[in-house]
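A short write-up of the structure that comes next.
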Amino acid sequence: NHTSVVEFVLLGLANSRQWEIILFVFLGIAYLLILLGNISVISITLTNNFLQTPMYYFLRNFALLEITFTSTFLPSTLYSLLTERKTISLPGCFLQMLLFYCLGTCTLFYMAVMSLDRYVAICHPLHYPAIMNSRFCLQLILGCWALTFLLMFPPTIMTVQLPFCGPNVMNHFYCDASLLLQLSCTDTGFIEELMFIILIIILPGTLIVTAVSYGCIIVTILLIPSAAGRRKAFSTCSAHLTVVMVFYSTCIYRYIRPAQRGGQDSDKVLSLFFSMLTQTVNPYIYSLRNRQVKQAFKEKI
């Protein structure tokens, strides 16, 4: 004896029309930078013969993933800011949630794989061509996607099958799984525990791989005899580590903390950091500041 929910209301990022216009401008510029930066990386690494190495193969796939990930929620967020339309259909919400978590999880695996690639290139340069051959690179990419769907598909499918009978209001700018579970009119304890265990496996697991890889890289850099070489290597490495730290710290605090049930305004700010801020700077940190990429970009122009 209840009414099924047919749509959800996303409260968004702002309460006043003035702030909505301001956020639309800033987020629109950020989305444009994400698209331009990643499309530039993809086109340059595809067309330049000197950039057909494993590192740029991973960066090209990572750029494509970044575009897809931000496109799952940012266009709809911009549309709601511009038109003040706050609703999203039930199927649309489920699809957005599935894509957001699958692509976001795959991003974590990609970052771990790229750190391993850099570890092999810097710490074992003589064995690098033999280890990171084209077949192994393809296996690593396919492995990222396989692990993502193996881990994230079961809980998201279970969430989709839950009954929703009201209320239907989420204090967020995209369909967040933790908020969806709160709105269900049945017991969701098992799904919450399952998602928490999966996040415990994914976040600290990929972080350990990334941290150990960069730790070994830093030790190798310290052994470089040239002070100029050390400064240049540390400059690149520190930029990468900054992006990794911001991404992981916000993700871990958002999804792995004692009070995990979301809905606060601080959750939206944290989500903006790991879903937009790092994506905006990633093309410029990982690729476009690289000397070879800059040279190829100048030749293209």
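Every residue, even glycine, has its Cβ placed from backbone N, Cα and C.
Over in TrEMBL, the protein carries these features:
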- 37-286: domain 'G-protein coupled receptors family 1 profile' (DOMAIN)
- 21-46: transmembrane segment (TRANSMEM)
- 58-82: transmembrane segment (TRANSMEM)
- 94-116: transmembrane segment (TRANSMEM)
- 136-153: transmembrane segment (TRANSMEM)
- 196-224: transmembrane segment (TRANSMEM)
- 236-256: transmembrane segment (TRANSMEM)
- 268-288: transmembrane segment (TRANSMEM)
Task: Give residue numbers and ranges for long-range contacts of the transmembrane segment (58-82): same chain, 6 or more residues beyond its ends, CB-CB under 8 A.
output: 10, 12-14, 20-21, 23-24, 27-28, 31, 34-35, 37-39, 41-42, 45-46, 88, 96, 99-100, 103-104, 106-107, 110-111, 113-114, 117, 137, 140-141, 173-174, 275-276, 279, 282-283, 286-287
Recorded stretch that, among 21-46, 136-153, 196-224, 236-256, 268-288, has the most CB pairs under 8 Å to the transmembrane segment (94-116): 136-153
- line: Long-range CB partners for the transmembrane segment (21-46) (under 8 A, at least six residues beyond its ends), listed in sequence order, are 13-14, 52, 56-57, 59-60, 63-64, 66-67, 70, 74-75, 77-78, 81-82, 276, 279-280, 282-284, 287-288, 293, 296-297, 300
Message: Can you tell me which parts of the same chain pack against the transmembrane segment (268-288), counting only residues 6+ beyond its ends and a CB-CB cutoff under 8 A?
response: 13, 27, 30, 33-34, 37-38, 40-41, 45, 56, 59, 62-63, 66, 69-70, 73-74, 100, 104, 114, 171-174, 176, 239-240, 242-243, 246-247, 250-251, 253-254, 294, 297
